[in-house]
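Here is what TrEMBL says about this protein:
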{"type": "COMPBIAS", "residues": "270-298", "note": "compositional bias 'Basic and acidic residues'"}
{"type": "COMPBIAS", "residues": "520-570", "note": "compositional bias 'Acidic residues'"}
{"type": "COMPBIAS", "residues": "632-641", "note": "compositional bias 'Basic residues'"}
{"type": "DISULFID", "residues": "Cys156-Cys190", "note": "disulfide bond"}
{"type": "SIGNAL", "residues": "1-21", "note": "signal peptide"}
{"type": "TRANSMEM", "residues": "478-499", "note": "transmembrane segment"}
Amino acid sequence: MRLRWSWTCFFLLSVAMVVWAEVDEPEEEEAFVEDSDEIEATDAEADANVSFQVTYKTPVPTGNVFFAETFDDGSMGRWHLSKTMKDDVDDDIAKYDGKWEVEALKENKVPGDLGLVLKSRAKHHAIAAMLDKPFVFNDEPLVVQYEVNFQDGIDCGGAYIKLLTDSADLDLEKFQDHTPYTIMFGPDKCGEDYKLHFIFRHNNPLNKDMEEKHAKRSSVDLKKFYTDKKTHLYTLVLNPDNSYEMFIDQSRVSQGNLLNDVVPPVNPPKEIDDPKDRKPEDWDERAKIPDPEAIKPDDWDEEAPALVEDPKALKPEGWLDDEPELVSDPSAEKPDDWDEEMDGEWEAPQIPNPACEMAPGCGTWKIPTINNPHYKGKWKAPLIDNLNFQGVWSPRKIDNPDFFEDLHPFRMSAFRAVGLELWSMTSDIYFDNFIITSEKAVADRWASDSWGLKKLVASANEPGMLSQLIVAAEEKPWLWIIYILTVGLPIGLGVLFCWPKKAEDDYVYKKVDIPKAANVEEEEDDEEQVEEEQADEEQAEGEAEGEGDEEEDAEEDAEEDAEEDAEAETAEAKGDLEMVDEPEGSAGEVLGDIQDGEDEEDATKSNDTASDDEMKEADEGVQSTGDGMKQTVRKRRVRKD
């Protein structure tokens with residue numbers, strides 16, 4: 001048992017050490033980090049909150065890249081601000097006059113790393129840039145990736161991008177909400193609705209209309225990405241087999257197929273309800289109907305009230321019928337600015353009647369009500385199966401005149417520019433490190449050289465685990481219960497199973513009472529006689545070696561025992577027997593004599609002798625003295641002189 005608990009304690013301690021090591025171990029990043037003493041000065045102003053510095057170099061994309069932007073040169077050279085007006089809104093807010101700046105992060109900044117920041121609140125913003133080359137949906141995947149940081153949180157607004165459709169009349173200075181786009185992707189939030197948009201425009205092959213298709217919402221809780229004020233990486237991967245994936249911080253949050261997981265679906269149904277079909281007037285959709293043969297019972301009272309006065313109720317003693325429950329506040333005074341012509345006659349506010357505080361109640365006493373045991377309510381006939389039930393009617397199906405089947409929705413309209421067209425009630429939304437490519441590995445390397453450093457710096461500047469737990473508990477007080485159980489349970493188990501216990505012997509010692517002689521004087525005489533006999537035994541021990549064999553000795557002992565038994569039987573009638581200790585020969589002889597003595601004691605028990613159990617225990621004690629004992633003491637009954 002002790003060994004099992006020892007292994008249990010060892011296992012618990014091992015688990016605790018492993019968890020502690022994982023918590024303390026810093027995350028491995030693919031970015032190169034150096035101590036601040038070894039870093040070369042790359043920026044004149046380093047973030048004072050950063051406990052160490054990182055070497056940052058503007059990432060250079062490799063592979064098949066259609067667009068890449070870092071803003072590290074401090075300018076918006078390739079970006080164009082919109083100079084148009086927004087449609088369908090008031091003129092005072094229709095203009096795209098929101099401000100944009102290129103600057104570093106407010107917190108956890110990486111020296112030399114800059115981004116595009118939305119600076120205005122409650123204004124329309126629009127800015128766009130041309131791609132290096134148009135993206136055409138053929139046989140290559142599409143990978144879109146960029147960073148967003150809600151530096152001041154987000155109340156209501158978006159941070160999504162639009163991939164603007166390639167057309168001859170595309171003018172970035174006229175970029176607005178109605179400018180045709182192929183894909184819209186990115187975070188959006190208003191109220192408590194946190195979204196990650198993926199919307200694409202599909203061309204209806206029959207009427208040539210462009211229809212927006214929305215990917216199904218992610219099942220992941222996205223709230224923390226909008227509230228933690230950290231830089232997050234958003235990635236969209238669209239494959240030629242119509243599958244898509246969305247990632248946040250390189251972790252998948254949603255996936256699906258363009259044919260099955262968008263709303264409304266790309267392909268309409270083959271059949272639709274006939275709009276001209278009408279339900280017949282005699283069509284019976286009732287599965288159950290009232291029993292026409294049912295009759296209301298004669299004793300059914302529909303007029304009985306649901307509540308009646310309690311006949312057992314009695315007015316409490318001391319009830320103050322003449323005292324009102326509320327009285328005017330005697331300490332209230334009419335305000336100086338009270339105008340009776342405009343405000344009416346002033347009345348003091350009402351307060352509870354002080355006289356009612358010690359009484360069971362004031363005012364008119366009313367008998368309380370109880371449920372009426374005779375109340376049944378309005379009678380209704382029981383329901384039975386409708387024999388004329390025809391089922392739920394539905395119109396017949398006809399072929400859908402607008403049906404078409406597009407098995408390759410991935411082949412969307414080509415796009416040639418990327419733009420941000422946003423309305424936000426929060427300012428200082430940070431954008432950085434845009435990349436559009438056809439290879440996921442290229443986007444991952446780009447993220448490692450850019451977003452990876454931001455993540456590393458943010459992790460280094462995070463408060464300790466204890467501080468994070470306390471902050472979380474302040475927002476959700478019920479977490480304190482979890483903390484107490486998490487800490488208290490292992491401690492309690494450790495104390496219960498690992499605390500050293502006092503050793504307990506497996507043996508139970510039984511106290512054996514030594515038989516006491518009834519007569520103290522006889523005990524003293526017996527002790528003296530035993531001592532004398534022991535001395536005689538020692539002298540006789542040497543002489544006994546040369547004597548005859550054991551058979552002759554046994555015969556002699558048997559004859560002596562027979563004589564003594566005969567004398568004992570005669571003496572028992574006279575009541576003059578006593579117990580004495582007598583030395584004897586071998587242990588085997590003693591056992592025989594003891595058994596003989598016990599048989600005789602069963603027949604004649606005296607008040608001056610010990611019990612059978614005591615005699616047995618005494619005999620066992622004598623026999624256990626060892627092999628070296630040649631002589632033993634045997635209980636003999638002799639005649640008392």
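For all residues, glycine too, the Cβ spot is worked out from N, Cα and C.
Caution: TrEMBL annotation is automatic and unverified by curators.
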Please work out the helix, strand and coil residue numbers for the compositional bias 'Basic and acidic residues' (270-298) from the DSSP assignment.
0 helix, 6 strand, 23 coil
With every protein chain in view, what's the tally of Cβ atoms within 10 Å of the Cβ of Cys190 (disulfide bond), excluding that atom itself?
13
Long-range Cβ list for Cys156 (disulfide bond), cut-off under 8 Å, min separation 6+ in sequence, same chain only, gives Lys189, Cys190, Gly191, Ser424, Met425, Thr426
